[in-house]
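Enquirer: Handing you a structure now.
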Amino acid sequence: MAAYLEKLNDRQREAVVHGIGNADGAVGGPLLIIAGAGSGKTNTLAHRVAHLIVNDADPRRILLMTFSRRAASEMARRVERICRQVLGDNAGVMTDALAWAGTFHGIGARLLRMYAEQIGLNVDFTIHDREDSADLMNLVRHELGFSKTESRFPTKGTCLAIYSRVVNAETSIKEVLKSAYPWALNWEEQLKQLFAGYVDAKQAQNVLDYDDLLLYWAQMVSDAELADDVGGRFDHVLVDEYQDTNRLQASILMALKPGGRGLTVVGDDAQSIYSFRAATVRNILDFPKEFSPKPADVITLDRNYRSTQPILAAANGVIDLARERFTKNLWTDRQSEQRPWLVTVRDEADQANYIVEQVLANREVGIALKQQAVLFRTSSHSGALEVELTRRNIPFVKFGGLKFLDSAHVKDLLATLRFAQNPRDRVAGFRLLQMLPGIGPQRAAKILDAIATDPEPLHALAEIPPPPKTGDDWPAFVRLLSSLRKAEGGWPGEMELARLWYEPHLDRIHEDAETRKADLLQLEQIAGGYPSRERFLTELTLDPPDATSDQAGVPLLDEDYLILSTIHSAKGQEWRSVFMLNVVDGCIPSDLGAGTTAELEEERRLLYVGMTRARDSLTLITPQRFFTHGQNAQGDRHVYAARTRFIPAMLLQFFETTSWPKVSAAASERRAQQIRIDVGARMRGMWR
Ligand code: ATP
Ligand code: MG
């Protein structure tokens, strides 16, 4: 037996070799691997891909999908490592060809561009992020006059959320309104019109939003011939974290591999945490039955290799109280005397201080910062900690938190590139045109109208008489777009072209132009990591890069840094030491939801996901008071908090409970005051 197979347990091995090298060729029937956290699902999947490659599968014909780009590239690295053991130096060539490893949305974007012509899509389509989508929704809403006549009409963000649910859950507006937005039921008719208008606008403007990437893909493969063609590109389709896929994603898979040949999906129903994006745990539970006459084979794993026994016991305790569950509890032989900590602190300032002390103490005993992570329910919860880490010069990386992408100047520059790529993109066009002196919203709209229907919008733009008061700026603008369009600067050279054009406008618009220019240089550096403008724009939108505490923002590569992450983004990962912030009612479960049973159950699973990231040490922290931001009319407020309801008294036996520190309340209050004053300024300083 090959060495890489020997390291696996029997069930993992069975999953790895399942159907490979059978009489019916190298492509086996459908397979589901369903098991709890840390049981080696992802590891098994990586071994399976490697095993396929070792057994002569063509890596260019393997489609491997998971939930983030980070997870996809980690998987590709694991595959390469295993292949190298067997194939030696040839392995690099083989695994470099693992080109179809990515997220559903990323892969969808690539396929849609490849097949654009066949499905009546302009190949230059641009992709709207949530904010762009909300802006477009707003434009349409204004055009239809809903915002004026109905003062309590749902906001643009809510409209988008409703639309997104309808699309992803393949259901009706009525159903979505009934289940999640009952107060908006009166507006069903208007919403129908609005969504129709929104879809028309997207098509006229040649833009796709997140949901469209799946929707168009599903539409594309609902055509039998195209499904054959797209599905025929891949001998094997493997999906990790299948419990977090939605109906559309499932229908795409079934269309790509109708009989399930070569299809492997992996997941854990107890870790399903994306129902707010219409993911449904039914996908994984119903997977075997999708195939007839013979259902998919199912392999379960029961041994956890990640966590020590006390950590696993506490996590099992939490998930045992869940209402519904398919996967069974796991066992581990990683013994330890140390139960997870449940630490009460007075407030968020103490929480930050406590973590910093513990993190440093861990480092003293040889646990590198990189092997430690701080997890939280919502991105904004780490504010006080980020301040404290910055003050103490402790480097950190915050997953997906590259805030500066949201800043006006970065969006301006990105809009420039986007408009060059797709001059029908109205949201980008509005933004860009209004940078020119003398052009306001109305004039911008006129210009965009004038070029909207021209087959060559940029030619049309060049022929427009220069608008009054634009002076030399107009011809310079037209020239810039034409050279960007022709990709004269090459990639990422055209970033520089755009930046040099933009900088004088930046000087005019913003007082702190110098710091903003530094951001633009940083953006240019990031752009250099992508092969083309199109890939850069697509991937930046779909999967924003991580933020680092380093002002220069360059990835810290070999340096040591602490990981900060939302629980959602920590999915699939593990660290030796894990801290969880604000493990209190109101944070987890979050008080932002409607509080339905389904929502509460999902919050419980979220806590379970967080706890099961820990290998050797787990610390849950419960501040007695914390700030919530802008959740009520008064804005920020102090809340007195109680330990999360998911750890009732009967579960306390699984924890080592303690409080920290033992100083006077007055001193703590003074310090809290101090930190509160610092937060805003420091945060601005960090992200500018
Ligand atoms: P999650 O549900 O959190 O995604 P998972 O089931 O995907 O977890 P992995 O991340 O694949 O689990 O594995 C968890 C840990 O267990 C990893 O450190 C992995 O290297 C280790 N592991 C998995 N299988 C084995 C094995 N047979 N022997 C030793 N270690 C293993
Ligand atoms: Mg995994």
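Yeah, the Cβs are placed from backbone N, Cα and C, and that goes for glycine too.
Below, the features straight out of TrEMBL:
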BINDING   ALA35, GLY36, ALA37, GLY38, SER39, GLY40, LYS41, THR42  ATP binding site
DOMAIN    14-308  domain 'UvrD-like helicase ATP-binding'
DOMAIN    309-572  domain 'UvrD-like helicase C-terminal'
Enquirer: Write out the long-range same-chain contacts of ALA35 (ATP binding site), meaning residues 6 or more apart in sequence whose Cβ is under 8 Å from its Cβ.
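Expert: Correct list: LYS41, ASP268, THR300, LEU301, ASP302, THR327, LEU330.
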Enquirer: Please list, in sequence order, those binding-site residues from GLY36, ALA37, GLY38, SER39, GLY40 with the Cβ less than 6 Å from ligand 2.
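Expert: Cβ < 6 Å from ligand 2: none of the binding-site residues.
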Enquirer: What is the Cβ neighbour count of GLY40 (ATP binding site) at a 10 Å cut-off, with all protein chains included?
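Expert: There are 21 of them.
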Enquirer: List the same-chain residues at least 6 positions away in sequence whose Cβ sits under 8 Å from the Cβ of GLY38 (ATP binding site), in sequence order, or say none.
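Expert: Listed in sequence order: ASN304, TYR305, ARG306, SER307, LEU312, LEU330, GLU574, THR612.
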Enquirer: I'm checking region-level scores; what's the whole-number mean pLDDT for the domain 'UvrD-like helicase ATP-binding' (14-308)?
Expert: 90
Enquirer: Using the Cβ center of ALA35, GLY36, ALA37, GLY38, SER39, GLY40, LYS41, THR42 as the ATP site position, which other residues in that chain lie within 8 Å, going by their Cβ?
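Expert: Everything else in range on the chain: ASP268, LEU301, ASN304, ARG306, LEU330.
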Enquirer: Among all the protein chains here, how many other CB atoms are within 10 A of the CB of GLY36 (ATP binding site)?
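Expert: Other Cβ atoms found within 10 Å: 26.
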Enquirer: Output, ordered by sequence, the same-chain residues six or more apart from ALA37 (ATP binding site) with a CB under 8 Å from its CB, or 'none'.
Expert: ASP268, ALA270, GLN271, ASN304, ARG306, ALA315, LEU330, TYR608, VAL609, THR612
Enquirer: Determine the Cβ neighbour count for LYS41 (ATP binding site): the number of other Cβ atoms within 10 Å of its Cβ.
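Expert: 25, counting other Cβ atoms within 10 Å of LYS41 (ATP binding site).
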Enquirer: Going by DSSP, give the three-state secondary structure for SER39 (ATP binding site).
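Expert: The three-state answer is coil.
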Enquirer: State which of the following binding-site residues has the fewest other Cβ atoms within 10 Å around its Cβ: SER39, THR42.
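Expert: So among SER39, THR42, the binding-site residues given, the one with the fewest Cβ atoms within 10 Å is THR42.
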